[in-house]
Amino acid sequence: MDLLPEEILLHIFSYVECKTLISTVKILCKRFYELLSVENNWKFLFPEIGSNHEYYDIDDYGRDKVIYYKCTDRKFWRGIDQPISIDYLRGSIGAVDVVRIFDHGQYCLSGSRDKSVNIWSLDQQLRGDPSKYHIGSLDGHNGWVWTLEECNNTVYSGSWDHNVMIWDLNANGKLLDTIRDVHPAAVLRLQVKDNVLYTGCHDSAVRMFDLRVDYRNTSHELYRHRRAALCMTFCDDYLITGSEDKTVIVYDTRANAILKTLKTTSSVTALNCGYDQLRVGIRNDVQIYSTKDGLFTEMDIIPEVHSKGIMGIHHDLSCMITCSIDGTIKVSEASKSPKVIKVLDHHKSAVARIDYRDGILASASSDATGTIGIIRRYGP
(Lines of atoms letter the chains of each structure in order from A and count residues from 1; the text may use other names and numbers.)
(Lines give C-alpha, C1' and ligand atoms only; values in the text may rest on other atoms or scores of the structure.)
Protein backbone atom coordinates (compact mmCIF):
# COMPACT_ATOMS: atom_id res chain seq x y z
CA MET A 1 0.00 0.00 0.00
CA ASP A 2 2.92 2.33 0.65
CA LEU A 3 3.86 2.10 -3.02
CA LEU A 4 0.45 2.91 -4.43
CA PRO A 5 -0.04 6.49 -5.64
CA GLU A 6 -2.46 8.62 -3.70
CA GLU A 7 -4.81 8.81 -6.69
CA ILE A 8 -5.12 5.01 -6.87
CA LEU A 9 -5.84 4.74 -3.15
CA LEU A 10 -8.53 7.39 -3.37
CA HIS A 11 -10.08 5.58 -6.32
CA ILE A 12 -10.21 2.38 -4.24
CA PHE A 13 -11.68 4.29 -1.30
CA SER A 14 -14.44 5.62 -3.55
CA TYR A 15 -16.00 2.13 -3.55
CA VAL A 16 -16.14 2.02 0.26
CA GLU A 17 -19.02 3.33 2.37
CA CYS A 18 -18.38 6.61 4.17
CA LYS A 19 -19.04 5.08 7.60
CA THR A 20 -16.52 2.28 6.97
CA LEU A 21 -13.87 4.73 5.80
CA ILE A 22 -14.23 6.74 9.01
CA SER A 23 -14.63 3.94 11.54
CA THR A 24 -12.27 1.33 10.06
CA VAL A 25 -10.10 2.32 7.09
CA LYS A 26 -8.90 5.61 8.56
CA ILE A 27 -7.37 3.94 11.62
CA LEU A 28 -5.64 1.07 9.78
CA CYS A 29 -2.38 2.91 9.19
CA LYS A 30 -0.78 6.34 9.30
CA ARG A 31 -1.00 6.87 5.54
CA PHE A 32 -4.72 6.13 5.41
CA TYR A 33 -5.24 8.42 8.38
CA GLU A 34 -3.43 11.27 6.66
CA LEU A 35 -5.28 10.77 3.37
CA LEU A 36 -8.67 10.69 5.08
CA SER A 37 -7.90 13.76 7.17
CA VAL A 38 -7.87 16.05 4.12
CA GLU A 39 -11.31 17.51 3.43
CA ASN A 40 -10.65 17.95 -0.29
CA ASN A 41 -10.06 14.20 -0.54
CA TRP A 42 -13.49 13.62 0.98
CA LYS A 43 -15.00 15.97 -1.59
CA PHE A 44 -13.37 13.87 -4.30
CA LEU A 45 -14.71 10.65 -2.77
CA PHE A 46 -18.19 12.00 -2.10
CA PRO A 47 -19.10 14.99 -4.29
CA GLU A 48 -22.39 15.30 -2.40
CA ILE A 49 -20.43 16.86 0.48
CA GLY A 50 -20.62 20.09 -1.49
CA SER A 51 -19.10 23.37 -0.30
CA ASN A 52 -16.70 23.43 2.64
CA HIS A 53 -17.37 27.10 3.34
CA GLU A 54 -19.34 26.60 6.54
CA TYR A 55 -20.76 29.09 9.00
CA TYR A 56 -19.29 27.03 11.82
CA ASP A 57 -15.81 25.73 12.64
CA ILE A 58 -15.92 22.11 11.49
CA ASP A 59 -13.46 21.08 14.21
CA ASP A 60 -15.81 22.31 16.95
CA TYR A 61 -18.15 19.40 16.23
CA GLY A 62 -15.67 16.73 15.16
CA ARG A 63 -14.43 16.64 11.59
CA ASP A 64 -15.33 12.97 11.06
CA LYS A 65 -18.83 13.50 12.45
CA VAL A 66 -19.50 16.44 10.14
CA ILE A 67 -18.18 14.59 7.09
CA TYR A 68 -20.29 11.53 7.92
CA TYR A 69 -23.48 13.58 8.21
CA LYS A 70 -22.70 15.46 5.03
CA CYS A 71 -22.12 12.24 3.10
CA THR A 72 -25.14 10.32 4.34
CA ASP A 73 -27.67 13.14 4.62
CA ARG A 74 -26.94 14.73 1.27
CA LYS A 75 -26.87 11.36 -0.46
CA PHE A 76 -30.31 10.66 1.00
CA TRP A 77 -31.84 13.98 -0.03
CA ARG A 78 -30.46 13.62 -3.53
CA GLY A 79 -32.04 10.17 -3.77
CA ILE A 80 -28.75 8.57 -4.77
CA ASP A 81 -29.34 5.13 -3.21
CA GLN A 82 -33.14 5.12 -3.48
CA PRO A 83 -35.92 7.59 -4.30
CA ILE A 84 -37.34 9.61 -1.43
CA SER A 85 -40.56 8.02 -0.19
CA ILE A 86 -43.37 10.18 1.23
CA ASP A 87 -46.21 8.94 3.42
CA TYR A 88 -49.37 10.99 3.86
CA LEU A 89 -51.43 11.30 7.02
CA ARG A 90 -55.00 12.37 6.41
CA GLY A 91 -57.74 12.77 8.97
CA SER A 92 -58.32 16.45 9.64
CA ILE A 93 -61.18 18.22 7.88
CA GLY A 94 -59.37 21.54 7.85
CA ALA A 95 -55.94 22.94 7.13
CA VAL A 96 -53.12 21.72 9.37
CA ASP A 97 -51.05 24.54 10.84
CA VAL A 98 -48.64 22.73 13.15
CA VAL A 99 -46.90 19.35 13.45
CA ARG A 100 -44.72 18.04 16.27
CA ILE A 101 -42.74 14.78 16.28
CA PHE A 102 -42.12 13.20 19.68
CA ASP A 103 -41.10 10.04 21.54
CA HIS A 104 -37.97 9.45 19.45
CA GLY A 105 -39.84 9.62 16.17
CA GLN A 106 -42.54 7.15 17.16
CA TYR A 107 -45.43 9.60 17.10
CA CYS A 108 -46.55 12.88 15.58
CA LEU A 109 -48.99 15.52 16.80
CA SER A 110 -50.90 17.82 14.48
CA GLY A 111 -53.07 20.86 15.12
CA SER A 112 -55.79 21.79 12.69
CA ARG A 113 -58.34 24.43 11.83
CA ASP A 114 -61.01 21.85 12.62
CA LYS A 115 -60.11 22.70 16.26
CA SER A 116 -58.62 19.28 17.02
CA VAL A 117 -55.26 17.86 18.04
CA ASN A 118 -54.57 14.55 16.32
CA ILE A 119 -52.11 11.86 17.38
CA TRP A 120 -50.44 9.73 14.72
CA SER A 121 -48.28 6.63 14.90
CA LEU A 122 -45.13 6.73 12.77
CA ASP A 123 -44.45 3.01 13.23
CA GLN A 124 -42.85 1.88 9.99
CA GLN A 125 -44.64 -1.45 10.18
CA LEU A 126 -47.86 0.42 9.40
CA ARG A 127 -46.52 1.72 6.10
CA GLY A 128 -48.94 0.88 3.31
CA ASP A 129 -51.96 0.99 5.62
CA PRO A 130 -52.66 4.69 6.26
CA SER A 131 -55.90 3.91 8.11
CA LYS A 132 -53.84 2.70 11.08
CA TYR A 133 -51.73 5.84 11.41
CA HIS A 134 -54.38 7.81 13.30
CA ILE A 135 -54.55 6.64 16.91
CA GLY A 136 -56.48 9.39 18.69
CA SER A 137 -57.72 12.95 18.97
CA LEU A 138 -57.60 15.56 21.71
CA ASP A 139 -60.78 17.59 21.44
CA GLY A 140 -61.73 20.63 23.47
CA HIS A 141 -60.57 23.78 21.73
CA ASN A 142 -63.09 26.18 20.21
CA GLY A 143 -60.68 27.74 17.74
CA TRP A 144 -57.92 26.84 15.33
CA VAL A 145 -55.08 24.90 16.99
CA TRP A 146 -51.98 26.89 16.06
CA THR A 147 -49.15 25.63 18.25
CA LEU A 148 -48.16 22.40 20.03
CA GLU A 149 -45.46 21.28 22.43
CA GLU A 150 -44.78 17.92 24.08
CA CYS A 151 -42.71 17.20 27.18
CA ASN A 152 -42.59 13.90 29.07
CA ASN A 153 -45.81 12.66 27.44
CA THR A 154 -47.65 15.84 28.34
CA VAL A 155 -49.06 17.81 25.41
CA TYR A 156 -49.58 21.58 25.44
CA SER A 157 -51.85 23.06 22.76
CA GLY A 158 -52.45 26.74 22.02
CA SER A 159 -55.39 28.02 20.02
CA TRP A 160 -57.19 30.96 18.53
CA ASP A 161 -59.76 30.45 21.32
CA HIS A 162 -57.19 32.22 23.57
CA ASN A 163 -56.64 29.07 25.67
CA VAL A 164 -53.81 26.66 26.38
CA MET A 165 -54.87 23.08 27.08
CA ILE A 166 -52.70 20.52 28.85
CA TRP A 167 -53.18 16.82 28.08
CA ASP A 168 -51.75 13.66 29.68
CA LEU A 169 -50.88 11.03 27.08
CA ASN A 170 -50.10 8.53 29.84
CA ALA A 171 -53.80 8.69 30.76
CA ASN A 172 -55.16 8.21 27.23
CA GLY A 173 -55.11 11.91 26.44
CA LYS A 174 -56.93 13.06 29.56
CA LEU A 175 -57.35 16.84 29.80
CA LEU A 176 -55.34 17.89 32.84
CA ASP A 177 -56.05 21.59 32.81
CA THR A 178 -56.93 24.63 30.74
CA ILE A 179 -55.18 27.97 31.07
CA ARG A 180 -57.96 30.42 30.30
CA ASP A 181 -58.75 34.07 31.00
CA VAL A 182 -55.06 34.99 30.70
CA HIS A 183 -54.47 35.47 26.98
CA PRO A 184 -56.76 38.13 25.47
CA ALA A 185 -56.00 36.93 21.93
CA ALA A 186 -54.82 33.89 19.97
CA VAL A 187 -51.96 31.83 21.44
CA LEU A 188 -49.50 31.56 18.55
CA ARG A 189 -46.45 29.85 20.05
CA LEU A 190 -45.49 27.65 22.99
CA GLN A 191 -42.22 26.46 24.50
CA VAL A 192 -41.67 24.27 27.57
CA LYS A 193 -38.33 24.26 29.38
CA ASP A 194 -37.37 23.31 32.93
CA ASN A 195 -41.00 23.03 34.10
CA VAL A 196 -41.86 26.47 32.77
CA LEU A 197 -44.36 27.11 29.97
CA TYR A 198 -43.74 30.12 27.73
CA THR A 199 -46.40 31.53 25.42
CA GLY A 200 -46.35 34.01 22.55
CA CYS A 201 -49.65 35.74 21.91
CA HIS A 202 -51.33 37.76 19.18
CA ASP A 203 -51.67 40.60 21.72
CA SER A 204 -47.83 40.99 21.44
CA ALA A 205 -47.07 39.69 24.96
CA VAL A 206 -44.72 36.87 25.93
CA ARG A 207 -45.76 35.16 29.16
CA MET A 208 -44.47 32.43 31.44
CA PHE A 209 -46.22 29.91 33.69
CA ASP A 210 -44.38 27.96 36.39
CA LEU A 211 -45.77 24.43 36.03
CA ARG A 212 -44.54 23.42 39.48
CA VAL A 213 -47.07 25.65 41.25
CA ASP A 214 -50.64 26.81 40.67
CA TYR A 215 -49.72 28.33 37.33
CA ARG A 216 -53.27 29.49 36.59
CA ASN A 217 -52.86 32.16 39.23
CA THR A 218 -49.16 32.90 38.77
CA SER A 219 -48.82 33.89 35.11
CA HIS A 220 -46.14 36.46 34.54
CA GLU A 221 -45.75 38.74 31.54
CA LEU A 222 -42.08 38.82 30.59
CA TYR A 223 -42.14 41.48 27.87
CA ARG A 224 -44.05 42.76 24.88
CA HIS A 225 -43.36 43.21 21.22
CA ARG A 226 -45.17 46.04 19.46
CA ARG A 227 -47.18 43.56 17.40
CA ALA A 228 -48.03 39.83 17.47
CA ALA A 229 -45.38 37.38 18.70
CA LEU A 230 -45.29 34.98 15.76
CA CYS A 231 -42.50 32.53 16.56
CA MET A 232 -40.46 31.31 19.51
CA THR A 233 -37.47 29.09 20.24
CA PHE A 234 -34.77 28.49 22.84
CA CYS A 235 -31.01 28.85 22.55
CA ASP A 236 -29.52 27.45 25.75
CA ASP A 237 -31.00 29.70 28.46
CA TYR A 238 -32.12 32.40 26.04
CA LEU A 239 -35.77 32.61 25.04
CA ILE A 240 -36.01 34.03 21.54
CA THR A 241 -39.16 35.43 19.95
CA GLY A 242 -39.89 36.94 16.56
CA SER A 243 -42.69 39.33 15.77
CA GLU A 244 -44.72 41.16 13.16
CA ASP A 245 -43.02 44.30 14.49
CA LYS A 246 -39.83 43.35 12.58
CA THR A 247 -37.83 42.48 15.69
CA VAL A 248 -36.30 39.44 17.35
CA ILE A 249 -36.05 39.69 21.14
CA VAL A 250 -33.45 37.66 23.04
CA TYR A 251 -34.52 37.19 26.66
CA ASP A 252 -32.10 35.87 29.30
CA THR A 253 -34.15 33.55 31.53
CA ARG A 254 -31.40 33.49 34.17
CA ALA A 255 -31.21 37.26 34.54
CA ASN A 256 -34.95 37.72 33.85
CA ALA A 257 -34.17 40.53 31.44
CA ILE A 258 -34.06 41.30 27.74
CA LEU A 259 -30.50 40.76 26.53
CA LYS A 260 -30.86 42.12 23.03
CA THR A 261 -33.35 43.29 20.43
CA LEU A 262 -32.44 42.48 16.83
CA LYS A 263 -34.05 44.65 14.18
CA THR A 264 -35.04 43.14 10.84
CA THR A 265 -36.52 44.45 7.60
CA SER A 266 -39.85 42.61 7.78
CA SER A 267 -42.07 40.40 9.93
CA VAL A 268 -40.24 37.47 11.52
CA THR A 269 -42.03 34.24 10.63
CA ALA A 270 -39.59 31.48 11.61
CA LEU A 271 -36.74 30.84 14.05
CA ASN A 272 -34.27 28.00 14.50
CA CYS A 273 -31.29 27.85 16.85
CA GLY A 274 -28.39 25.42 17.03
CA TYR A 275 -24.70 24.91 16.28
CA ASP A 276 -23.84 28.44 17.43
CA GLN A 277 -26.30 29.99 14.99
CA LEU A 278 -29.72 31.59 15.05
CA ARG A 279 -31.51 31.42 11.71
CA VAL A 280 -34.40 33.82 11.15
CA GLY A 281 -37.04 33.68 8.42
CA ILE A 282 -37.77 37.17 7.04
CA ARG A 283 -40.01 37.22 3.98
CA ASN A 284 -38.30 34.73 1.64
CA ASP A 285 -34.80 35.31 3.10
CA VAL A 286 -32.90 33.66 5.95
CA GLN A 287 -30.92 35.96 8.26
CA ILE A 288 -28.09 34.31 10.23
CA TYR A 289 -26.74 35.44 13.61
CA SER A 290 -23.86 34.00 15.60
CA THR A 291 -24.91 32.97 19.11
CA LYS A 292 -21.37 32.37 20.37
CA ASP A 293 -20.77 33.77 23.85
CA GLY A 294 -24.37 35.00 23.91
CA LEU A 295 -23.54 37.92 21.61
CA PHE A 296 -26.09 37.30 18.81
CA THR A 297 -24.06 39.14 16.20
CA GLU A 298 -25.19 39.41 12.59
CA MET A 299 -23.30 37.08 10.26
CA ASP A 300 -24.96 36.88 6.88
CA ILE A 301 -28.20 36.76 4.94
CA ILE A 302 -29.21 34.09 2.44
CA PRO A 303 -31.49 35.85 -0.04
CA GLU A 304 -34.48 34.46 -1.90
CA VAL A 305 -34.42 30.97 -0.42
CA HIS A 306 -38.05 30.68 -1.57
CA SER A 307 -40.23 32.63 -3.97
CA LYS A 308 -42.61 33.55 -1.13
CA GLY A 309 -42.53 33.84 2.66
CA ILE A 310 -40.70 31.29 4.82
CA MET A 311 -42.82 29.57 7.49
CA GLY A 312 -40.36 27.10 9.03
CA ILE A 313 -36.61 26.48 9.34
CA HIS A 314 -34.46 23.59 10.51
CA HIS A 315 -30.69 23.47 10.21
CA ASP A 316 -27.96 21.11 11.33
CA LEU A 317 -24.38 20.22 10.44
CA SER A 318 -25.19 19.04 6.93
CA CYS A 319 -28.17 20.97 5.61
CA MET A 320 -30.89 23.57 6.08
CA ILE A 321 -34.55 22.67 5.56
CA THR A 322 -37.12 25.41 4.96
CA CYS A 323 -40.81 25.50 4.12
CA SER A 324 -42.80 28.28 2.53
CA ILE A 325 -46.19 29.56 1.52
CA ASP A 326 -44.96 28.98 -2.05
CA GLY A 327 -45.91 25.32 -1.45
CA THR A 328 -42.39 23.88 -1.37
CA ILE A 329 -39.90 22.47 1.10
CA LYS A 330 -36.26 23.10 0.20
CA VAL A 331 -33.21 21.23 1.45
CA SER A 332 -30.07 23.35 1.01
CA GLU A 333 -26.43 23.11 2.00
CA ALA A 334 -25.70 24.51 5.45
CA SER A 335 -22.96 26.69 4.01
CA LYS A 336 -22.29 30.10 2.56
CA SER A 337 -23.90 30.64 -0.85
CA PRO A 338 -25.71 27.31 -0.37
CA LYS A 339 -26.74 25.16 -3.27
CA VAL A 340 -30.21 23.63 -3.22
CA ILE A 341 -29.96 19.89 -2.67
CA LYS A 342 -33.64 19.01 -3.09
CA VAL A 343 -36.95 20.73 -3.73
CA LEU A 344 -39.99 18.89 -2.36
CA ASP A 345 -43.30 19.96 -3.85
CA HIS A 346 -45.62 17.17 -2.69
CA HIS A 347 -47.95 19.66 -1.01
CA LYS A 348 -50.34 21.47 -3.31
CA SER A 349 -50.64 24.64 -1.24
CA ALA A 350 -48.72 26.60 1.39
CA VAL A 351 -46.58 24.54 3.77
CA ALA A 352 -47.48 26.01 7.15
CA ARG A 353 -44.89 24.28 9.35
CA ILE A 354 -42.23 21.59 9.42
CA ASP A 355 -40.69 19.55 12.23
CA TYR A 356 -37.52 17.51 11.76
CA ARG A 357 -36.46 15.18 14.56
CA ASP A 358 -34.92 11.73 14.84
CA GLY A 359 -34.47 11.45 11.09
CA ILE A 360 -38.12 12.18 10.29
CA LEU A 361 -39.47 15.25 8.50
CA ALA A 362 -43.13 16.11 9.10
CA SER A 363 -44.79 18.88 7.12
CA ALA A 364 -48.18 20.55 7.52
CA SER A 365 -50.25 21.56 4.53
CA SER A 366 -52.62 24.49 4.79
CA ASP A 367 -54.97 23.16 2.12
CA ALA A 368 -58.49 22.05 3.01
CA THR A 369 -57.60 18.33 2.87
CA GLY A 370 -55.59 18.50 6.10
CA THR A 371 -52.62 16.57 4.71
CA ILE A 372 -49.44 15.84 6.65
CA GLY A 373 -46.35 14.66 4.78
CA ILE A 374 -43.90 12.26 6.44
CA ILE A 375 -40.41 11.59 5.09
CA ARG A 376 -38.21 9.14 6.96
CA ARG A 377 -34.51 9.92 6.73
CA TYR A 378 -33.75 6.41 7.99
CA GLY A 379 -35.97 4.19 5.92
CA PRO A 380 -37.01 0.56 6.39
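Placement of Cβ uses the backbone N, Cα and C atoms for every residue, glycine included.
Curation does not apply to TrEMBL; its annotations are automatic.
Record features (TrEMBL):
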- 1-45: domain 'F-box' (DOMAIN)
- 89-123: repeat 'WD' (REPEAT)
- 138-177: repeat 'WD' (REPEAT)
- 222-261: repeat 'WD' (REPEAT)
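Within the model, the domain 'F-box' (1-45) shows a mean pLDDT value of 86, rounded to a whole number. Beyond its flanks by at least six residues, the repeat 'WD' (222-261) meets 185, 188-191, 193, 196, 198, 200-208, 267-274, 278, 280-281, 291, 294, 296 of its own chain at Cβ-Cβ distances under 8 Å. Under DSSP, residues within the domain 'F-box' (1-45) fall into helix, strand and coil as 30 helix, 0 strand, 15 coil. Here the repeat 'WD' (222-261) has, by DSSP, the following mix of helix, strand and coil residues: 0 helix, 27 strand, 13 coil.
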